[in-house]
């Protein structure tokens with residue numbers, strides 16, 4: 001609701017959903033205006049100019065408004081008016097009612113063994129315009145996932161499951177999933193019991209971790225020991241009557257190990273669950289003397305296995321063997337598709353997409369979707385049935401509606417039993433129309449033998465029927481068929497095209513595009529790439545090392561007729577074992593380098609030209625000589641080795657280590 005005071009100043013947006021929120025807002029309005037100052041005020045509430053409540057009793061007025069908040073068709077603009085002999089005060093606002101957030105897959109109480117990894121689910125259905133925020137609490141404290149290695153949040157969108165890795169005894173306790181939106185919050189809780197695997201210690205491991213009861217037995221004339229331990233596994237779990245939501249269970253007791261069973265826990269496993277999880281039962285707590293219970297809140301049309309765990313005063317026993325798998329009966333679907341949206345497509349198309357309902361929530365066979373849509377402002381829904389549980393996209397084609405027409409869209413579900421709910425209504429735009437105008441001017445420049453930069457004048461949006469979201473540049477060699485053309489899409493008004501052939505004539509054209517397709521192409525322009533760079537690397541390289549300086553000389557590279565002329569040279573060097581390289585460019589055939597450390601230097605030299613960088617010489621390793629002056633010679637002919645002037649003879653290696 002957007003509220004504006006009578007003075008026309010200070011707006012604030014607020015949204016109401018629950019009765020108590022409405023009651024509090026009205027009470028605040030009463031308290032903040034005149035109720036504390038004048039008790040005998042005359043009150044009225046108007047909806048869109050029509051009076052909907054008049055009362056001298058402020059309490060009755062609040063009750064009326066709170067009832068109004070949860071009734072149907074209450075969205076609209078409201079004005080609260082107060083009058084007394086001293087004047088009139090009013091406040092107006094627009095009420096927007098949102099779909100309530102509901103937890104559809106809550107966390108379930110369960111037990112785990114130390115070292116296991118478990119997942120506590122938490123999935124919601126919500127208003128499509130709201131974005132849920134999931135928070136988990138452990139024993140009343142908010143879980144900070146950045147500080148706990150054991151805890152992690154998984155899922156996304158409408159789910160925020162809690163994963164607990166490598167469960168420890170300290171993780172036993174109460175877990176609460178709380179989901180917040182801009183207008184409401186919901187929560188669900190579950191209890192986790194963590195038990196330690198029972199290991200019978202050897203005598204060398206210290207004292208025995210069992211409860212020992214010493215009894216004196218008169219007839220045997222000696223003292224006997226009774227060992228107490230966790231109960232044994234229950235036996236013979238049987239499944240009786242099964243409905244869509246419940247299953248009747250019975251079992252036989254296992255050995256109590258001299259400590260009576262105090263409680264039974266029923267667990268279930270499905271093809272969709274992560275391991276065994278505790279299920280809700282009737283009675284909610286199954287006492288030790290009872291060997292039957294009813295599992296409730298099951299999902300329809302899902303295969304279940306059940307097992308039972310016994311507990312006594314010593315600890316938690318081993319689980320029973322699983323029951324035979326049974327399938328619950330089918331029922332109407334209860335969960336609508338999530339994240340319904342759409343848009344795009346070709347002209348005359350309405351594209352609708354959604355997240356499919358998971359198999360475990362389909363509730364029966366022959367599951368499918370009902371897609372309903374209508375132009376905004378009309379009353380009649382058009383529906384289409386998709387008889388596929390995996391469907392997640394629907395395209396409606398009709399050339400009669402205009403581009404970017406607004407549609408109200410909702411997606412429902414059904415199965416062989418009946419129909420389920422529809423998703424909340426969302427607005428989806430039909431496809432746009434292709435651009436109708438080509439870029440008015442296109443030009444280009446050659447950067448090298450393999451690269452051309454293309455420019456164009458953007459299309460003015462006012463001159464094109466369809467929206468412009470980008471441009472498509474097309475190029476191909478002169479004389480090549482259209483099928484050989486290459487394309488690239490960009491959002492700017494220029495692009496660098498690389499990987500071209502040297503000395504080659506190319507034809508370039510540009511056209512605008514959007515989600516519906518591409519518009520008309522500009523007139524093609526022709527441009528030729530530069531000659532390729534020299535293929536011959538620099539040869540007859542000489543180097544002279546004096547203290548920490550290296551002097552390099554080489555022969556000039558002469559380009560061939562079909563190659564670009566040499567404009568300079570690039571010397572690339574790096575220290576041995578270092579990844580970073582240094583680069584020196586020069587228009588001469590010599591260079592001086594500084595050798596900064598007690599390491600070898602690796603050097604390569606290549607020619608520069610308008611067509612790009614030429615071929616590199618083979619890597620040359622120049623050894624660091626801290627106390628001697630030395631000289632080396634490298635020929636492009638590998639069979640030629642250099643002589644070294646000085647007191648030592650050096651062999652040069654031109655392989656990178």
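Every residue number used here counts from 1 along the chain in the order it is shown.
Note that Cβ sites are derived from N, Cα and C of the backbone, with glycine treated the same way.
Note that TrEMBL annotation is computational and uncurated.
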Where TrEMBL places region 'Disordered' among the ranges 299-320, 321-342, 343-364: 321-342
Correct range for region 'Disordered' (source TrEMBL, candidates 493-516, 517-540, 541-564): 517-540
Local confidence of the prediction over the domain 'Fibronectin type-III' (336-433), expressed as mean pLDDT: 94
Long-range environment of the region 'Disordered' (321-342) - Cβ separation under 8 angstroms, sequence gap at least 6: 104, 125, 128, 157-158, 233, 235, 237-239, 242-245, 247, 249, 269, 298-307, 350-357, 361-365, 367, 369, 409-424, 426, 428-429
